[in-house]
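What TrEMBL lists as iminosuccinate binding site is His38, Ser55, Tyr126, Val127, Asn128, Ser143, His213, Pro214, Glu215, Thr241. Under the heading [4Fe-4S] cluster binding site, TrEMBL lists Cys100, Cys187, Cys286.
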Amino acid sequence: MTLTEVATPSTGAPPVDSDWADEVRELARRRDAVLLAHNYQLPAIQDIADHTGDSLALSRIAAESDASTIVFCGVHFMAETAKILAPDKTVLIPDAAAGCSLADSISADELRAWKAEHPGAVVVSYVNTTAAVKAETDVCCTSSNAVEVVESIPADREVLFLPDQFLGAHVRRVTGRENMHVWAGECHVHAGINGSVLTAQVEANPDAELFVHPECGCATSALYLAGTGTVPEERVKILSTGGMLDAARASSAKSVLVATEVGMLHQLRRAAPEIDFRAVNDRASCRFMKMITPDKLLRSLRDGTDEVHVDPELAARGRAAVQRMIEIGQPGSAE
Ligand code: 13P
Ligand code: SF4
């Protein structure tokens, strides 16, 4: 991870027109494909998708869809998760190189070594992990249901939570669980939204509500600001991306500071156009998410690229953990 990566602004994408949209829809129809887009995708991709949502909502849609092909506009672990849940479907991602720094922060070998140090512990992996790590996992979670997943584990069982340290700290704070060990991984985009950036924004916008993704480096600072009364407690909300949309629809605030990847602003502004949504760090753009461009989506539908394959043995070992994940808790609403 480098500072330059955190600071890289969104590269945007070539403008799209109605011919592009018509072609995408026609090719999707011919392929019997459903288009799924994560909330961090470029606006044009979010707008053309059949469903836009958070990781949990999209995993559920992938598992239940009748379409024979899933085109996953997101990052590679998301498309892999869809393939694990729907092994008989063709799963495409417009660019297989769209990775995730958080998923890369633990390998299956490292997890096996950690498990050997804690025999009998229950392994809870964030969905932002590779298929090989999921194969070593007891139950997966997303930011929408991490608290409920950990609460579903008997209190006397040790828990290994991975790989995100900020989400892990949030879950430990909410559940009060002491027998939970947290891997020291992080997402470089969310870690860059830190306490000092948040404090400066709060000082500049004293009446704003705060929507904070639990992967952010500033999640603890946000609760500290609430605890000290700098921001009234009811104005500080720690939420998944889908949870932010539900909170936006229910909010009567005039302005909201948003601590997560900047792609989220598009859905928020559509959900509540009367609210002034501002990024806490407007350079928090995930270069992996932005690798899915309109041109690559068109190519994917035209040529059937890039097809996602998961080793069947790994998929079989990870499936129960992913299935447990989609059975627990409520995702934020998907469009
Ligand atoms: P959610 O959409 O589940 O909140 O996940 C955020 C994220 O960082 C995905 O990479
Ligand atoms: Fe991974 Fe972070 Fe990008 Fe999400 S925002 S895909 S966690 S690198």
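Backbone N, Cα and C atoms are what each Cβ position is placed from, and that goes for glycine too.
Once the Cα atoms of His38, Ser55, Tyr126, Val127, Asn128, Ser143, His213, Pro214, Glu215, Thr241, the listed binders of iminosuccinate, are compared pairwise, the greatest separation found is 17 Å. Note: the CA-CA distance between Cys286 ([4Fe-4S] cluster binding site) and Tyr126 (iminosuccinate binding site) rounds to 18 Å. The 6 Å Cβ screen around ligand 2 retains Cys100, Asn128 from the binding-site residues His38, Cys100, Tyr126, Asn128, His213, ordered by sequence position. In terms of local Cβ density within 10 Å, Cys286 ranks first among the binding-site residues Cys100, Cys286. Counting other Cβ atoms within 10 Å of each Cβ, the lowest count among the binding-site residues His38, His213 belongs to His38. When secondary structure is read from DSSP and collapsed to three states, His213 (iminosuccinate binding site) falls in the coil class. In the three-state DSSP assignment, the secondary structure recorded for Cys286 ([4Fe-4S] cluster binding site) is coil. Candidates Tyr126, Asn128, His213, Glu215 (binding-site residues) were compared with Cys100 ([4Fe-4S] cluster binding site); those inside 10 Å Cα-Cα are Asn128. Counting in whole angstrom, Cys187 ([4Fe-4S] cluster binding site) lies 12 from His213 (iminosuccinate binding site) by their C-alpha atoms. The 10 Å shell around the Cβ of Asn128 (iminosuccinate binding site) contains 28 further Cβ atoms across the protein chains shown. Using a 10 Å Cβ-Cβ cutoff, Cys187 ([4Fe-4S] cluster binding site) registers 27 neighbours. All protein chains shown were included, and the count of other CB atoms within 10 Å of the CB of Glu215 (iminosuccinate binding site) stands at 25.
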